[in-house]
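Below is one structure, written out as structure tokens; comments come after it.
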Amino acid sequence: MSPRATPRPPVLGLRANAAQFTLLVVVNALVGGMVGQQQAVLPLLAENEFGLSGYTFIFTYVTAFGITKAAANYFAGTFSDRYGRKPVLLVGWLFALPVPLMLILATDWWWVVAANVLLGINQGLTWSTTVVMKIDLVGPARRGLAMGLNEAAGYGAVAVTSLFAGHLAEQFGLRPAPFLLGLAYTALALVLSGFFVKETRDHALLDAGQHVARADGIHDHLHADLTDREIVAQTSLREPALSSASQAGLVNNLNFGLSGGLFPCCSPPRISPLHRSACCSPFIQECGARDNWSPEPFRTGSAGST
């Protein structure tokens, strides 16, 4: 019997981890595609099949998605430190499994809302985890590039899938064709995440171990063992760079959610809502991707300390 191979020690850097990094870009594109499958279709489904015309009622799915995604984002960070990145990624994709089927089989609007609760959990766990894993791999010098590529892939997939789902809905109806994309994305993502994606927590620990304190001592308190309350205070109030980024993210995601629901319902009479939705959604998502693109290094401390 041959001896078990010694695990390869982690190495930081984009070139050294190019294969895993590229794989994670693909996985995050599938994450974005799960939102894109419904972006152009759900507001029209609400009006045409469920007879809903009030914006308040229609936007219940946006609210359900946003609240659960926000909570899942928090737990993605906590659980990825406690249990590892890959298990959180896999669990996130398991939450996505019922979503397309629920949208296809929905008999009333609350099925759609429930599906978006599960989708919010999926997005919070998987999107956040792929961000963290890419940052783990590349190390401190290329964090900005890692974040930019992640967001470009995710929002680009939302855009392309929204356009494709809109055309499928026009050709074959609002259900089930657009949501079959979600089934395919989920199946592919589970295979890639389960069999090919590797754990990256050791890379984060290596990065944290290489941290060198600044001569002036600034930010060293952020590398201590902070409580959850202290982390919330730092990222939301005390640290200017982090608090401004949090506020910008809030506004960006608010625009994303509202525009995705409003554009399909506000088209001129001569332009079908489906045409307007299919064409405008990609533009909105690409603007979001540009807002998140950053070719510069993101230097706020080691990934292992977050």
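The backbone N, Cα and C atoms fix where each Cβ goes, and this holds for glycine too.
Curation plays no part in TrEMBL annotations; they are all automatic predictions.
Pulled from TrEMBL, these are the features on record:
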DOMAIN    21-306  domain 'Major facilitator superfamily (MFS) profile'
TRANSMEM  12-35  transmembrane segment
TRANSMEM  55-76  transmembrane segment
TRANSMEM  88-106  transmembrane segment
TRANSMEM  112-133  transmembrane segment
TRANSMEM  145-165  transmembrane segment
TRANSMEM  177-197  transmembrane segment
Stretch with greatest number of CB pairs under 8 Å, the transmembrane segment (12-35) reference, 55-76, 88-106, 112-133, 177-197 candidates: 177-197
Maximum Cβ pairs under 8 Å to the transmembrane segment (112-133) - stretch from the list 55-76, 88-106, 145-165, 177-197: 55-76
Two-stretch contact, the transmembrane segment (145-165) and the transmembrane segment (177-197), at least three Cβ pairs under 8 Å: yes
Long-range neighbours of the transmembrane segment (55-76), counting only residues six or more past its ends (CB under 8 A): 42-43, 46-47, 88, 92, 109, 112-114, 116-125, 127-129, 132, 253, 257-258, 260-262, 265
